[in-house]
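> In case it's useful when we look at the structure, here is the feature table from TrEMBL:
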- 4-354: domain 'Isopropylmalate dehydrogenase-like' (DOMAIN)
- R97, R107, R135, D225: substrate binding site (BINDING)
- Y142: site 'Important for catalysis' (SITE)
- K193: site 'Important for catalysis' (SITE)
- D225, D249, D253: Mg(2+) binding site (BINDING)
- G283, S284, A285, P286, D287, I288, A289, G290, Q291, D292, I293, A294, N295: NAD(+) binding site (BINDING)
Amino acid sequence: MSKNVLIIEGDGIGVEIIAAAEKVLKAVNEIDNLNLTFDTAMLGGRAYDQYGKPYPDDTQTKARAADAILFGALGGPQWDGKTERHLRPEAGLLDIRSDLGLFANLRPAVAFEQLVAASPLKPELVGGLDIMIVRELTGGIYFGQPRGIRTLENGEKQGFNTDVYKESEIRRIAKVAFEAAQKRNKRVCSVDKANVLEVTVLWREVMEEVAKGYPDVELSHMYVDNAAMQLVINPKQFDVLVTGNLFGDILSDEASMITGSIGMLPSASLDVNNKGFYEPCHGSAPDIAGQDIANPLATIMSAAMLLRYSIGAASSADRIQAAVGRVLDAGLRTKDIYSDGMTLIGCEAMGQAVVDALTE
Ligand code: NAD
Ligand code: IPM
Ligand code: MN
């Protein structure tokens with residue numbers, strides 16, 4: 001039976017990185033006879049301009065029906081502050097995550113040996129790094145009510161958001177983390193702020209409870225401020241990190257720099273049935289959009305995750321990962337991962353280089 005992949009560019013560099021990743025995915029589809037079919041839809045700022053909302057009905061219909069979704073990035077200064085919050089490009093991304101129930105966001109930070117020189121950290125800290133950040137994606141302060149900006153009695157305005165997690169939400173993301181750890185190095189570090197925030201006191205309790213069902217996995221806890229520091233002084237101490245929506249957003253951008261660039265960090269966002277939405281962790285990079293200099297590798301590796309988790313085509317996913325390795329071996333680099341002696345190429349050429357390396 002053929003499976004359907006919905007491809008969404010988004011805004012800014014989303015257009016360029018998706019063009020590159022789409023080429024790779026379609027080439028693998030041919031080479032490995034995966035029998036995938038493809039469709040396209042819009043999400044974000046350009047979708048708002050065209051349809052009046054960032055998550056248009058047409059996209060919703062297609063997204064609900066698709067087996068998997070490959071996405072670029074969205075947002076940009078042209079939409080900042082011009083529309084109500086629920087019509088902003090970013091609201092489109094939050095809406096689709098919530099609509100599809102994509103609660104489990106997997107963000108693997110893996111350092112390629114070839115890129116050790118591109119990381120701002122010392123080579124010995126980076127070489128061999130392989131950590132998996134499991135970020136809860138449909139709860140926490142991103143979605144908690146009440147929220148808003150209100151005017152106080154004295155006329156001063158006050159902004160407010162609410163950080164909330166139910167036991168059931170914590171339990172299901174915990175299970176994802178423990179199951180991931182069972183296939184890896186059997187260690188989960190849960191990151192919270194239980195010394196200050198009640199919501200994470202409960203988070204810690206539920207993590208402990210779930211851990212009892214996974215006696216082969218070692219659970220530890222760390223406060224988020226310390227975790228931010230430990231990621232820089234000793235990132236290799238971690239195997240799986242599990243945390244809430246906001247902390248996961250921040251820590252994954254930090255972890256990306258250990259791998260050399262935010263342009264190297266892919267992600268998978270999964271629902272309870274492993275239906276998935278795959279996107280790089282970075283944004284639409286308005287500062288470099290349209291210049292053919294963005295790094296498409298995070299998006300290309302997100303396509304590999306799509307094949308692995310939603311299509312069940314692990315060997316095709318391995319084929320893409322191996323091709324990325326060969327391109328890096330050949331010294332080809334986009335600007336963000338460039339170092340002395342390497343060959344500087346653009347986004348489109350990087351996509352083509354990966355396509356060419358698929359069958360080497
Ligand atoms: P950003 O990730 O877009 O960019 C941060 C920096 O990293 C910029 O200097 C950018 O040039 C660089 N960068 C990002 N991706 C790159 C790549 N593939 N190759 C080379 N360099 C890359 O974050 P930002 O500047 O804070 O946000 C820009 C817009 O993107 C905002 O509208 C924001 O809301 C949105 N955003 C969207 C997503 C998403 O779609 N998932 C994620 C983060 C931010
Ligand atoms: C990400 C982004 C999004 C988030 C924004 C654009 C809503 O930063 O995917 O990491 O905060 O989750
Ligand atoms: Mn982010």
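For all residues, glycine too, the Cβ spot is worked out from N, Cα and C.
Could you place the listed features in the three-dimensional structure?
The number of other CB atoms found within 10 A of the CB of R135 (substrate binding site), across every protein chain shown, is 28.
According to DSSP, Y142 (site 'Important for catalysis') sits within a helical segment.
Other C-beta atoms found within 10 angstroms of the C-beta of K193 (site 'Important for catalysis') number 19, with every protein chain shown included.
Counting only same-chain residues at least 6 apart in sequence, those with a Cβ under 8 Å from the Cβ of D249 (Mg(2+) binding site) are R135.
Remark: N295 (NAD(+) binding site) has I17, S261, G263, M264, T334, K335, D336, I337, C347, M350 as non-local neighbours, by Cβ distance under 8 Å and separation of at least 6 in sequence. In the three-state DSSP assignment, the secondary structure recorded for N295 (NAD(+) binding site) is coil.
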> Considering only the recorded positions Y142, K193, D253, which residue has the minimal Cα-Cα separation from D287 (NAD(+) binding site)?
D253
> Same chain, not part of D225, D249, D253: whose C-beta falls within 8 angstroms of the C-beta centre of the Mg(2+) site? Give them in sequence order.
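Not counting the recorded site residues, we get V224, A228, L246, F247, G248, I250, L251, S252, E254.
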> Of R97, R107, D225, Q291, I293, which binding-site residues come within 10 Å of K193 (site 'Important for catalysis'), going by C-alpha to C-alpha distance?
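Checking Cα-Cα distances against K193 (site 'Important for catalysis'), the binding-site residues within 10 Å turn out to be D225.
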> For Q291 (NAD(+) binding site) and R97 (substrate binding site), what Cα-Cα distance in Å is obtained after rounding to a whole number?
29
> Going by C-alpha distance, which of the recorded positions R97, R107, Y142, D225, D253 is nearest to I293 (NAD(+) binding site)?
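Result: the closest of the recorded positions to I293 (NAD(+) binding site) is D253.
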> Where among the binding-site residues R97, R107 do you find the Cβ with the fewest other Cβ atoms within 10 Å?
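The binding-site residues R97, R107 were compared, and R97 has the fewest Cβ atoms within 10 Å.
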